[in-house]
Amino acid sequence: MIIDTHAHYDDEQFDADRAELLGQMREGGVGLIVNAGSTLESWDRIVNLTEKYPFVYGAIGIHPDEAGALTEADMERMRELLDLPKIVAAGEIGLDYYWDKSGHDIQKRWFIRQLEIAREKDMPVIIHSREAAADTMEIMEKHAAGMRAVIHCYSYSPEMAEAYVKMGYYIGIGGVVTFKNAKKLKNVVEQIPLTSIVLETDCPYLAPEPYRGKRNCSLYLPYVAEQIAELKNVSAEEVVRQTEINSRKLYGLPEADPDSVQKPVSRS
Ligand code: NI
């Protein structure tokens with residue numbers, strides 16, 4: 001089955017047809033979706049989605065764009081939600097120096113704080129990093145050594161991707177890899193092993209070709225799998241098969257039908 005390791009179905013762009021769209025996932029080959037956290041307001045919506053849909057799991061965390069308003073009380077709430085049975089990761093967390101909404105120091109502080117909480121809860125982390133390559137690497141080396149992680153919507157060099165793979169992390173590949181001008185990302189996919197790649201949409205954003213610019217959804221992931229297959233000289237089926245294994249390892253999801261899946265009990 002296809003696993004979408006990073007989606008935002010809580011986004012208002014899905015308000016008009018969310019149930020209808022999610023109802024089409026199984027038929028479209030998408031067996032499991034992890035909905036990533038972004039704002040504080042997203043958290044309750046995500047928990048609701050995981051309660052309503054057996055195949056939807058969640059991650060709880062605060063996007064770097066939102067770090068400016070965070071307090072320790074929010075971190076306490078994050079801790080509580082990470083204990084819920086269908087919350088499988090902390091994220092998305094990281095650094096965004098492109099939008100740079102709250103300054104580098106505040107972003108770093110709350111990135112590190114959320115990494116600490118994830119470590120305390122023995123949870124994998126979903127990393128958002130844009131135009132912050134060196135600082136992200138430094139923080140991951142210092143504060144996330146030995147943790148499970150995915151570098152989501154990876155946008156840096158093949159060399160840095162290889163360094164992350166050596167650290168045991170996964171590289172999230174989505175619609176951008178299908179863009180004609182995405183030469184660097186195509187090189188990344190060529191150079192890292194398929195065992196380190198996971199599929200993601202980041203929907204409603206970043207739809208693959210031929211839907212570039214439209215609202216994205218997990219049903220478009222076959223286009224991403226096809227592109228990865230072409231770059232790695234394997235079949236699209238092989239890409240789906242291996243990335244499912246990778247995604248289950250990343251998030252600690254057991255090999256089972258999502259309808260009967262329980263959260264692994266391996267954490268303290
Ligand atoms: Ni995202």
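One is the number of the first residue shown, and numbering goes on along the chain from there.
Just so you know, glycine gets a Cβ as well, placed from its N, Cα and C.
Annotations in TrEMBL come from automatic prediction, not curation.
Annotated divalent metal cation 1 binding site per TrEMBL: His6, His8, Glu92, Asp202, in sequence order. Its own atom aside, the Cβ of His6 (divalent metal cation 1 binding site) has 25 Cβ atoms within 10 angstroms in the protein chains shown.
Under the heading divalent metal cation 2 binding site, TrEMBL lists His128, His152. According to its DSSP assignment, His128 (divalent metal cation 2 binding site) is in a strand. Applying an 8 A CB threshold to same-chain residues 6+ apart, the list for His128 (divalent metal cation 2 binding site) reads His63, Pro64, Gly91, Glu92, Ile93, Gly94, Leu95, Asp96, His152, Cys153.
Apart from His6, His8, Glu92, Asp202, the residues listed for divalent metal cation 1, the same chain places the Cβ atoms of Ala7, Ala36, Ser38, Ile126, His128, His152, Cys153, Glu200, Thr201, Cys203, Tyr205 within 8 Å of the centroid of those Cβ atoms. Ranking the binding-site residues His8, His152 by C-beta neighbours within 10 Å puts His152 at the top. Cβ-based neighbour count (10 Å, all protein chains) for Asp202 (divalent metal cation 1 binding site) stands at 22.
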